[in-house]
Every structure is written in structure tokens, then in C-alpha cells.
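Here TrEMBL flags A:22, A:49, A:142 as active site. Feature annotation from TrEMBL assigns domain 'CheB-type methylesterase' to A:10-200.
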């Protein structure tokens, strides 16, 4: 299965990928970026739990492993193809209906800011069935509710194989909370994401 | 209906939130219509679950009839997280790059818009006091919400916020200690009452209310992020018109003017600390 069919029989093109990662997440994001095609176009938004420092250095670090433009989005910045966005530390990252980022300093949700659940929910409301969410390694349950939201809006959810994850609680929480589409090693998640970006795969059935 | 046109549609909750915002504006003049939708919807949903409302229609019915309930709701929509000397590097830039220019003014007016529970207004008062400008400065600290202003005017905060406050202060380049300006007891800390003499707490809605005139500095931290770009642009004009030529504007650490058409009326003083100066 490369693409899930929508109820109308049309295959919906993937417009955005959201990724949630916590403990061990940086290494996995690096692996993912290394395995994605050189000119991967689908905008990808990573919610990585980090220490609440002002400047994380994560985008600079990740950009060494990809040709995508890696950046922390600014408030009200538009979402563009070929970009890999990383949520800024200590802010929630939301997506507004006009497909721009919106930051928030609301209280942490389940001790997390940025909250994966919050980001996934806002993305699901905007992109609906054109959204893919990935829940990767992490030591809490953030992302579980978010995965359920994505499924409620007919999007797709891929989860990192808990046996492969540095810490398995986040993948397990997502599997428990939502009827996820697939549980895969990170290399296979990259292949699946690549297939969504491949024009040959987008032809309606 | 095709999937594409379905995807353009708002779901029931989203439509109800739009109606609710229209109703609040028509009935009480609270205007949230140009607020960023993702976080606005979250807050409405959270308010409903905290206050046991099943349907937006029930909430709307009550808010239209009951002003007190509406004020409570507005507080739920706008309550923010703040802290003494939040983002110490911001205060360091104020101390090192803005204060020297402020010294040339015989009298200082500073507007802190969206001050919430007031921690940062007191932080600025402490900084000005340390720099010898306390006596000639007035800080107008405003918020849309009268309840948070009441809390702000008391200047009493929970002790659990104190360690973060002390840590933040240490990063601002201050010459003294935070404890010189507070007294601690009964699981609370109280800011020195002498600081309050220079702060005027008053209600102001950035969306519907007017300019505060002839300010030397406007501080508005992490408020614009809750607005759509059009409203951000309008509020930036309000700040511009409230500032003297050469006056300063301080925003939150991840807030940018770059995407706003009127940003060219300001020049960055410190790009990463988000401190700007009015240049036309």
C-alpha cells in the first residue's frame, strides 16, 4: 500500500508531513533526513522536545544532512515546499487555516512546550486527509492524542517501530491511542515519505 | 460533494467558534475576530471542557446574557504565561542599548501593552530604578482583561515563581539582586511598593482602543503571535503612532516584523532580542 484511498475514490496528494520526536529524536531526525530524496518537496514540520533555550542550534545541525532548507519558523511565516521546519524551543507551534505558522506561549501541555499533540491537532484541522503524521522515539505520551486527531481527519499516521526506538513510550502511546497506518523502522518511514513526494505515485486511481 | 470542496469547509465546531466571536463583538465589543484561529479554537475548547459546556451554542447563549460570565470567558481566552525578567537577554539589550538613549529625556513614558499579571512591568520598573531613571519614568501597563490587571496592581506572586525570577534576573546584567526589590513570606513574594508609584495599570484593548500618545518605548511581548497578520499590521501602526520619533519597540523573542508591510517604519536595534526603533 503506497497511498490510502479516500472515500471518494480519489487519492489525495500529501501536502504536509508533521513529525513528533523527543528523547533520542535528534539522531532519528538526522537518519530520516539522510534517507529522504535530495530534492524532497513536501513541507515537513518537526516538533522536537528540547531544553527551553533561546537558540537551540538544531536547524544548523540538521541542515548538514539535507538539501532541504532547515529553519525554525517565525510567527506567521508561510509553509513552503522543500522546507524542513523545527519548532522553536519553549513555544507551541500551530498551523493556522491560511497555512501559516502561529506561535503560542500557552502553558505547557502534559509538561511539553512545544506540544506534539497541539501541533498535530492544528495541522490535522488544516490539512485533513492531505496530512501525514509520524511519531518517533520519546519518553512520554505526547503525540498520542495528536495521532488520533490526524486519523479523525482522515490523515495518515506512521509510527517508528518501538523496538527500534531509543525510548519506546511515545511510539507505544501513539499505537495505543490511534488506529495507525503503519509501524516501521526509520529507514522505511523515509521511503514511505519519499513515495508520497513522488509524482508517479500521485495519479488518481 | 468532492473531497476537495469538503476540505475547504469548516466543521461544526469551527463554524460555531466563528459565530461566537461575532456575537461577543456585537454584544460587548470584545473583538477576537482577527485572532489566530488555531490557538483561539483551542482556548474555546479548553474553556468549554474546564467549565462543563457540551455545546458552543450553550456557551454563546450565556455569554450574550451575562457580562460577568463574558469577562470570565475573555480571561480564559487571553490568559498568558509570563515571568519576572522573562528572556533575560531582552532586558540586557534594554539596559545596554536603550537606557543610554532614554537618559536624554527629562521625563519618560513607557507603554507595556498586554502586561497580563504585571511581572514584566515590575521587571522594567526595577531595571529603570537600577539605572537611576525610576523617578522620572511612568509605565502605563495595560491589558484587555480587568481581572489580570487587578492581580497585577497588587504585585503579589507565588513563591514557586521566585527561583526562575532570580535566575532570569542574573542574566540581565543587573548590578544588584532581585531580592533588593521584593519581600518574601507566606509562600508569596511582594514587589517593593515604591515601584508601584511609577506604574499605572489600566484596561486597554489593542484591537478596538486608541493610541497611547508620546511614548518613548512600547513593550508588547508575545501578544502579536495571537493575531492574524492583518491585525498585527494594524496594531503595529497603533504602536508606531503611540511612539515619539526614535522611540523603541520591544517584542517577544520569536516575534518578527518582517512579514508586515509597515515594518519599514522601524529599524532593528537588536535583531535577536527583537528590539526596534521608530525611524519615520
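Every residue gets a Cβ built from N, Cα and C, even glycine.
Taking the Cβ of residue A:22 (active site) as reference, residues of its chain lying under 8 Å away and at least six apart in sequence are, in sequence order, A:48, A:49, A:116, A:137, A:138, A:139, A:140, A:142, A:167, A:170. Around the Cβ of residue A:49 (active site), the number of neighbouring Cβ atoms within 10 Å comes to 23.
Every protein chain considered, the tally of other Cβ atoms within 10 Å of the Cβ of residue A:142 (active site) stands at 29.
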